[in-house]
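*Asks:* Supplied in structure tokens, the structure appears directly below.
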């Protein structure tokens with residue numbers, strides 16, 4: 001079998017003009033769109049959790065759900081290297097200033113996902129010691145309802161956030177007023193990259209030997 005890394009039709013030949021070669025190898029776009037596309041596909045979550053919902057958040061990092069498919073596999077242990085924080089669990093009054101301090105240390109631009117009923121609105125804890133919604137002291141980009149939400153719900157919320165970043169949603173227009181509904185969670189099917197790229201891999205039957213590249 002012959003090995004080839006590029007399709008024959010896209011390999012420059014002596015008969016092609018410079019314009020034809022450039023058109024096949026260059027992508028023209030706006031710098032803002034390119035940066036937004038890069039940011040949306042390389043979100044770095046901060047490894048931070050508060051309560052029960054963090055268990056579901058951590059489950060999304062496992063191989064079964066594989067959040068790395070959406071470019072968020074680089075889990076950061078420090079807020080100074082993260083640009084996404086998921087408020088997952090009950091926000092107690094004692095933790096509110098700690099969360100705000102962690103948020104202030106994150107890189108700009110930064111995004112916040114509010115995960116679970118307790119983080120969204122206090123949940124069942126309508127008491128003096130629990131903040132009735134993290135949006136009382138943080139700007140929230142996306143709300144994921146549930147008690148607790150499933151990992152699929154968090155990943156679906158992540159895809160919605162990615163689309164908002166790609167579309168260039170202004171940071172000043174927060175919150176985005178976007179709440180995931182149970183119907184959307186149920187209808188959301190986890191993307192299977194293996195099946196999506198199956199036909200593409202099957203067609204790649206001509207590869208160039210490494211010593212001839």
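Every residue gets a Cβ built from N, Cα and C, even glycine.
Pulled these from Swiss-Prot:
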- 52, 53, 118, 147: [4Fe-4S] cluster binding site (BINDING)
*Asks:* Using other CB atoms within 10 angstroms as the count, which residue among the binding-site residues 53, 118, 147 scores least?
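*Replies:* 147, out of the binding-site residues 53, 118, 147, has the fewest neighbouring Cβ atoms within 10 Å.
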*Asks:* To test your reading of the [4Fe-4S] cluster site: which residues beyond 52, 53, 118, 147, same chain only, put their Cβ within 8 Å of the Cβ centroid of those residues?
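*Replies:* Checked against the 8 Å cutoff, the neighbours are 51, 88, 89, 90, 115, 116, 117, 119, 123, 146, 148, 149.
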*Asks:* Just how many other Cβ atoms lie inside 10 Å of the Cβ on residue 52 ([4Fe-4S] cluster binding site)?
*Replies:* 15
